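Asker: I have a structure I would like to understand better, so I am pasting it below and will then ask my questions one at a time.
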Amino acid sequence: MNTLSEAYRDHPLHLHHIIPLDFDSVRTVPESHVWPPSPAFEPDDDQSSIPTVDLMDPDAVKLIGHACETWGVFHVINHGIPMDILDEAESEARRLFSLPAGQKLRALRSPAGATGYGLARISPFFNKNMWHEGFTVMGSPIDHARELWPDDYQRFCDVIEDYQKKMKELAETLMHLILKSLDLSEEEISKVVSSGGASTALQLNSYPFCPDPSRVMGLAPHTDTSLLTVLYQSTIDGLQIFKDGAGWVLVSPTNGSLVVNVGDFLHILSNARFPNVIHRVVLKENQKQRLSLAYFYNPPVDSHVSPLALNSARIPLYRSVSVREYVDIKASNLEKALSFIRI
Ligand SMILES: C=C1C[C@]23C[C@@]1(O)CC[C@H]2[C@@]12CCC[C@@](C)(C(=O)O1)[C@H]2[C@@H]3C(=O)O
Ligand SMILES: O=C(O)CCC(=O)C(=O)O
Ligand SMILES: [Fe+2]
C-alpha cells in the first residue's frame, strides 16, 4: 500500500463526487456540467514567454531556477524519456478511457481510497461537474487493472510501471537542479530527494469530446500539492496557467516536450520564491478527446517540509508541516491550505 493513499483515508468522498458522467451517452451538456460564463474564459493565448529548459544545456541550473522563479512552469526538452515510452503510456490511457462506462466503474475509486477511476479529487469544492474523468495510480496498478481487464491486464501494468520508473528518475534530476539553483548543499538536497522515500502518484486524465465546449470546464483552477509535477499532454491544447498581469496563458504541447510545474510543497520549501502555479484545462470547439498524464513527485509522506531557501532577512514565511498534515489540510481547504501554515 502506497502510504500517500493512506493520507487521503480520513477524507472520504460521496459517490456523486467520484462517479463520472457516461460521456458516450450524452448528446447535449447536462445542467450539472454547465459552468457560468466568465470573462476569464477568453484566454490570452500568448504563450510565447513560457520558458523552455534544455536539460543538456550547461547552464541548466540557472535556467531552471529562473523558470521556476518567474513562471513556476516550463517546458523541458532533452529530458531523456524516449518518445515510444510516452506514446505507449498514452495509448494505454486511451485504451482504458475507451472502455464502456460500466466496465470503467469496476475500477471506481472507493470513497476513502485514492487510486482508481473517478472524478478529480477537487470536485467537492465546485458546484458544477468538470468535463473530465481520471484514473489515479500509486505504485502498482495491478489491482485496478485486473478489475478492468481480468484476462489482459499485464500490458497496462508493464507500460504504466515503466512510465512511472522513467518519470521518477526525471523528477529526481529536475529536483536536484532546482534545489541547486536555490544554493542548497548536497546534504540538504539528498534529504529532499531521497530516492527510496519519495511518495509519487500518476494521474491519467481524459477530457472527452464535448458537444458544447465553451460552456464546460475540463479541470477547474487548482495548484498541485506536489513538489513538482511532470505533465505529458500529447498533441491537444487545453492547459492554461494563470499569470499575474497576463491572465490565463495557454501552454501548448510541443513535440515530445514535457511540462513541469511547481507545486505547493516546492513553493513552501523555496519560501515562496517559486510560485505554485494555478492552472486549469479548457475545451475547444470540434476538439477530439484530450488525454494527459500527470506525474506528481512528493516528499516522503512522513517527512516534514519547511522553507529551506531563506531570503537574506532569513524570515521563514511558512511553518514546518508534515506531508500527511498538509494533504489533510488541503483535503478540507483546497486553495486556502497555505494560509493555515503561513507564519
Ligand atoms: C497525489 C495526488 C495529487 C492529486 C490528488 C492525488 O491523490 C491524486 C490525484 C491528483 C489530482 C489530479 C487532478 C488535479 C488534482 C488537484 C486532483 O483533484 O487530483 C490533483 C491532486 C493534487 O495535486 O492535490
Ligand atoms: O490535463 C492537463 O493538461 C493538466 C492536468 C492537471 O493539471 C493535473 O492532473 O493536475
Ligand atoms: Fe494540476
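Each residue's number is its place along the chain shown, starting with 1.
Positions of Cβ are set from backbone N, Cα and C atoms, glycine also.
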Asker: Looking at 153-180, 293-320, I want to know which stretch TrEMBL calls coiled coil.
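Answerer: In TrEMBL, residues 153-180 carry the label coiled coil.
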Asker: For the coiled coil (153-180), could you work out the same-chain residues 6 or more beyond its ends whose Cβ comes under 8 Å from its Cβ atoms?
Answerer: 55, 60-61, 64-65, 68, 76, 79-81, 85-86, 88-89, 92, 95-96, 137, 140-142, 145-146, 188-189, 192-193, 195, 198, 200, 202, 227-228, 230, 258, 260, 266, 274, 293, 295, 297
Asker: Quick check on the domain 'Fe2OG dioxygenase' (197-299): DSSP residue counts for helix, strand, coil, in that order please.
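Answerer: Helix, strand, coil within the domain 'Fe2OG dioxygenase' (197-299): 9 helix, 44 strand, 50 coil.
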